[in-house]
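This report concerns only the one structure given below.
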């Protein structure tokens with residue numbers, strides 16, 4: 001049926017299935033005589049076993065989704081993977097998605113492929129409207145495709161950074177709709193930035209007849225992000241949305257899913273990919289989804305949401321105990337931020353030092369964001385880089401509840417963070433005491449004089 005099974009398969013069943021697919025490829029035929037330049041020959045047995053002898057990859061030279069005659073098993077693997085992934089995207093909340101395919105590139109390059117496909121539809125266009133998010137790959141994806149990003153600064157609402165819709169529309173009018181390739185919006189992001197106003201942007205795109213590409217990097221795991229995409233497509237225009245395989249399905253880095261609501265446009269993107277491609281990302285995600293089944297994946301989504309609530313409540317308690325606060329970002333369903341005002345005021349270097357302390361204590365993924373840092377990416381200078389704004393009011397620390405996180409991860413993180421913050425408070429008190437003694441000695445000396 002081309003759908004993900006409800007109950008996951010055991011490993012031996014999955015391996016039997018993969019071996020059956022592999023013997024359909026010509027390189028595994030008994031008595032095969034290959035005289036071409038690409039015959040699926042592999043020098044190392046270890047490499048062959050690592051890939052289950054599925055060596056030919058996917059697609060043909062002109063289309064990544066095309067069937068390869070001498071690789072019937074690999075071609076079937078590709079078709080099944082795309083079909084199963086489509087089923088999971090619907091399960092996750094985008095019910096009206098029409099088509100998708102797995103591409104062996106991470107999110108940034110997959111976005112580039114989307115932009116290059118749009119180039120043929122809009123030959124005059126040279127600009128991409130992009131509500132700012134401080135993440136290099138999505139910015140570089142536009143540069144690599146040969147377009148000029150038009151950065152729209154976010155607006156501060158309470159603690160949250162949100163899409164400036166008025167600035168987006170004003171820029172469209174100023175540049176001219178025909179000169180704009182697309183609007184490039186984002187769902188999943190680091191707090192205090194929250195997902196773009198995808199629905200409103202979709203309406204603007206429909207009104208001005210401008211394509212809309214959504215960077216949904218790790219949004220499949222969030223019902224809120226998927227709902228935004230579904231609603232955006234319902235009320236306006238979304239041409240394609242791109243998501244990472246590793247962040248949403250817990251597989252190795254190297255693949256993404258390009259999906260959309262117009263089947264022919266998604267096929268155009270797949271045909272834009274030059275040459276055939278590695279089957280590894282497709283193989284990894286198919287094995288994973290067959291082992292989980294829809295029930296297993298739903299369970300992971302439920303656990304992630306529960307851990308987000310737990311992380312939020314416990315991080316708030318910790319923040320309060322250190323006279324800091326959990327920033328109020330209710331529209332971000334994955335990432336949280338805790339202020340670091342006391343560290344920032346006591347010592348400029350303390351914020352980045354906290355990040356180093358956490359990393360050396362084996363806390364990965366937590367980001368510390370100081371005030372006022374800037375960075376140049378492809379000749380464009382971002383002030384306040386990493387904070388998604390030129391002047392965010394305070395330094396802060398990020399933590400995320402992503403798919404696969406366990407209660408133990410949260411508890412250990414909070415314990416180690418608490419210890420690091422106590423160390424800073426102790427050092428600050430000692431420094432204050434030394435300063436007070438120095439001031440007292442200086443005053444005494446002055447009186448004696």
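Glycine residues also receive a Cβ, built from the backbone N, Cα and C atoms like all the rest.
Remark: residue 38 (pyridoxal 5'-phosphate binding site) has 56 as non-local neighbours, by Cβ distance under 8 Å and separation of at least 6 in sequence. Look at TrEMBL and you will find 38 tagged as pyridoxal 5'-phosphate binding site.
Positions annotated as substrate binding site by TrEMBL: 60, 61, 68, 276. Here residue 60 (substrate binding site) comes close to 66, 67, 68, 276: these same-chain residues lie at least six apart in sequence, with C-beta atoms under 8 angstroms from its C-beta.
Marked as tRNA binding site by TrEMBL: 234, 361, 426. Around residue 234 (tRNA binding site), the same-chain residues six or more apart in sequence whose CB sits under 8 Å from its CB are 96, listed in sequence order.
Summarising the annotation, TrEMBL assigns N6-(pyridoxal phosphate)lysine to 247. Other C-beta atoms found within 10 angstroms of the C-beta of residue 247 (N6-(pyridoxal phosphate)lysine) number 22, with every protein chain shown included.
Per TrEMBL, region 'Disordered' is recorded for 430-449.
The compositional bias 'Polar residues' annotation in TrEMBL covers 435-449.
When Cα-Cα distances from residue 61 (substrate binding site) are compared across the recorded positions 247, 361, 426, the shortest belongs to 247. Compared over the binding-site residues 276, 361, 426, the count of CB atoms lying within 10 A of a residue's CB peaks at 276. Summarising the environment of residue 61 (substrate binding site), the number of other Cβ atoms within 10 Å of its Cβ, over all protein chains shown, is 10. Cα to Cα, residue 426 (tRNA binding site) and residue 247 (N6-(pyridoxal phosphate)lysine) are separated by 38 Å. Neighbour density for residue 68 (substrate binding site): within 10 A of its CB lie 19 other CB atoms from the protein chains shown. Within 8 Å of the centroid of the Cβ atoms of 60, 61, 68, 276, where the record puts substrate, the same chain has further Cβ atoms from 57, 58, 59, 62, 63, 66, 275.
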